[in-house]
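Listed in TrEMBL:
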type	residues	note
REPEAT	92-125	repeat 'WD'
REPEAT	134-177	repeat 'WD'
REPEAT	178-218	repeat 'WD'
REPEAT	364-405	repeat 'WD'
REPEAT	409-451	repeat 'WD'
REPEAT	468-500	repeat 'WD'
REPEAT	510-551	repeat 'WD'
REPEAT	552-593	repeat 'WD'
REPEAT	594-626	repeat 'WD'
DOMAIN	647-781	domain 'U3 small nucleolar RNA-associated protein 13 C-terminal'
Amino acid sequence: SSYAVSRKIEPFYKGGRVQINRDGKFMFCPCGTKLNVIEVETGALHSLQQDEEEDISSFVLSPDDEILVTGSRALLLKQWNWRENKCVRTWKAVHVAPVASMAFDATSTLLATGGCDSTIKIWDMIKQYCTHNLKGSSGVVHLVEFHPDSSRLQLFSSSIDYKIRIWDLNSSKCVALLDGHFSAVTSLAFADGNTLLSSGRDKICMVWDLKTRESKRTVPVYESVEAAVLLPGKGDFSQLGVKNQGLHFVTAGSKGILKVWEAATAACVYSQPVPFALKEEASECSLTQCMLVPTRNEIVTVSVEHNIVLYDAQTLQLQKQLAGYNDEVLDVKFLGPGDSHIVVATNSPQLKVFELATSHCQILYGHTETILALDVFRKGLMFVSCSKDKSLRVWRMSKDGRVTCVAQGLGHAHGVGAVSCSRLKESFVVTSSQDCTIKIWNIPESLTSKAKAALISSPETLHARVTERGHDKDINSVAVSPNDKLVATGSQDRLAKLWSCSDCSLLGVFTGHKRGIWCVQFSPVDQILATSSADGTLKLWGLRDFSCLKTFEGHDASVLKIIFVSRGTQLLSSGSDGLLKLWTIKTNECVKTLDGHEDKIWGLHSNKQDDMVVSASSDSCITLWKDVTEIEEKEAQSKQEEQIIKEQELSNLLHEKRYLKALGLAISLDRPHTVLMVVKAILKEADGRKHLAETVARLRKDQKEAVLTFLVMWNTNSRNCYEAQAIIETLLKHEAPDSLLQYSGIKSAVESLLPYTERHFQRLSRLLQASMFIDFMWQNMRLADAPRQDDVTS
């Protein structure tokens with residue numbers, strides 16, 4: 001009856017500099033207006049959220065991991081206690097344009113900020129004031145670094161004029177210009193006190209002698225370099241081609257791979273092997289950042305596609321990969337024998353496979369255009385993707401979780417928009433395309449996961465066994481029946497059709513939807529087909545006579561995906577308004593509406609155990625939902641039991657005339673009527689008013705507030721106004737006016753009490769007048785009767 005969000009995979013990095021703390025456990029990634037702190041092992045994250053809606057332009061973490069400073073486009077600097085998500089202080093950056101770069105010195109006491117206004121400011125973080133204002137750069141100061149030896153008090157900076165400036169902080173003057181680059185300088189690294197390595201987008205790295213302030217060597221690296229990292233002197237880097245002592249460094253740049261260079265000979269001693277897909281388009285895979293994490297012995301790279309990769313520093317073997325940004329998610333499916341992974345089609349030619357336990361993400365290259373749909377075979381080890389590049393690809397997951405492409409099928413004339421796998425065995429795949437055809441592809445025995453996992457050098461080519469023109473417009477969805485004998489298709493032409501699987505002959509047509517059909521699904525238990533459409537309805541059809549059995553109405557927008565859950569007794573549907581709805585088929589009712597997304601939900605899939613659902617949307621979020629029906633039922637049951645016990649206790653207390661406890665319990669149960677009964681019982685006693693005053697005086701402040709809200713209701717009824725007024729009297733007598741004013745809701749309570757109290761007062765006044773009149777009449781009658789009696793006696 002209900003699902004709850006168990007986990008969300010959201011974009012956590014949208015560009016900018018990434019930083020890792022000293023022990024390598026946490027990674028800091030800017031994401032628009034917030035800064036995300038990610039635990040590297042598990043991928044769990046928490047966010048530092050600013051008050052103002054301005055993007056973070058730069059941030060820095062101090063070398064001792066204590067101080068985190070962010071600068072936003074609102075020209076403010078903020079200091080954070082990042083472990084507790086608290087902003088400690090905020091101050092004006094004094095720059096007249098956003099801060100573009102920041103750096104701490106080795107002692108974590110001085111912070112340098114380089115602005116887009118071509119000035120550099122230096123802040124004393126302990127005494128909290130600005131110590132230097134360095135002018136003289138031209139354009140944006142995009143790089144600032146302190147000399148690692150803090151006794152020298154030197155700051156290095158670079159701006160748009162491609163020169164490296166050295167500032168002496170004692171005299172606040174620029175003491176030297178290192179001129180050698182012909183394009184932007186992207187990184188600075190200090191080998192020792194007197195050697196500096198700089199990298200630039202002019203495809204060179206330069207080694208500088210800081211004593212003579214001259215260039216010692218220029219290393220041409222033949223690619224635009226975004227970062228150069230020095231390899232530590234200690235450690236065995238022989239696998240990276242390091243044979244001699246001397247300076248070696250790693251470069252990362254536009255070619256998307258890491259290279260190791262020897263500074264003395266300017267030779268490339270190691271270069272990472274290129275994934276076969278990177279050869280064509282280098283720009284998409286270029287690296288924007290690279291850093292060494294000595295404590296973990298890892299090198300971390302950040303790519304243009306917002307992927308963050310951790311490599312072993314000694315072998316450059318991939319250890320872990322995190323995907324920072326997904327773009328629009330078009331489809332998602334559970335993967336792996338125990339549904340341990342999910343495979344995601346984002347708005348790109350690469351597939352992403354996430355391991356749910358660690359957030360590790362594999363990126364699968366192969367397709368050349370956006371992937372539109374996915375489907376997984378029953379065992380969960382093989383899956384199929386189809387793309388705008390008119391092809392489909394079959395992928396297989398090995399025991400260790402690595403995924404490789406084992407086959408590809410070509411033959412469609414347009415992009416392939418829907419795919420479905422055979423259900424019983426891994427024997428065939430059905431695809432449908434914008435060319436209005438459906439094709440059935442046989443999968444050879446050699447490819448199935450039973451076959452020995454031979455290393456496949458290149459994917460096999462598949463050929464369609466049968467092709468059939470199915471509809472007059474785009475086919476949006478295709479499904480294979482649980483017995484592998486039937487295929488259903490749903491199209492933009494408002495029709496769903498049923499086909500025989502063996503020869504693709506048409507068996508029947510389902511007509512009734514008023515708009516295009518987005519999804520078709522076979523029931524796992526009955527001979528029923530479910531369809532969902534842009535007209536906002538879901539329909540169930542009988543496969544024998546092609547008649548419409550049921551229609552579910554409730555979505556206000558197009559229904560994009562449907563799946564059967566609870567062993568075929570319920571439907572879960574997703575709409576283009578970001579809502580999920582759960583329907584019970586027997587009663588035709590919507591049991592629950594789940595709001596988890598901001599935009600169209602294109603992907604929806606349940607796991608084999610039927611207790612988890614994954615949904616994916618254009619808002620680039622992937623949400624995992626857990627079935628919480630049993631948990632909620634247990635909670636409701638325990639609440640009910642608790643309620644019954646309390647009610648029994650209440651009646652016992654009333655029986656024993658223990659009014660104070662009874663009153664407290666009735667208030668905690670939130671039972672105004674029961675509280676009223678207790679008050680009436682107290683007032684019936686001898687000395688009732690006195691008892692009531694004592695009892696009310698002994699209540700806690702929150703209990704008195706509750707009684708006050710109750711008596712406002714009682715006071716509206718003339719039957720209960722006596723009890724209400726009795727308590728008001730007690731409160732006014734025993735509480736000081738100041739303390740009464742502290743009560744929550746006192747203002748509205750007084751406003752509600754006044755008119756009714758006046759009305760009761762008027763009623764009592766009239767009653768008093770009437771009773772006085774009766775008394776007067778009675779007295780008069782007695783006076784008139786008196787003499788006659790005398791006459792009688794006489």
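Cβ atoms here come from the backbone N, Cα and C positions, even for glycine.
Remember, TrEMBL labels are computer predictions, not curated facts.
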Range from 134-177, 468-500, 594-626 with most C-beta pairs under 8 A to the repeat 'WD' (510-551): 468-500
Long-range environment of the repeat 'WD' (594-626) - Cβ separation under 8 angstroms, sequence gap at least 6: 3-11, 325-334, 339, 342, 344-346, 354, 356, 380, 560-563, 565-567, 572-582
Tally of DSSP helical, extended and coil residues in the repeat 'WD' (92-125): 0 helix, 19 strand, 15 coil
For the repeat 'WD' (178-218), residues assigned helix / strand / coil by DSSP: 0 helix, 26 strand, 15 coil
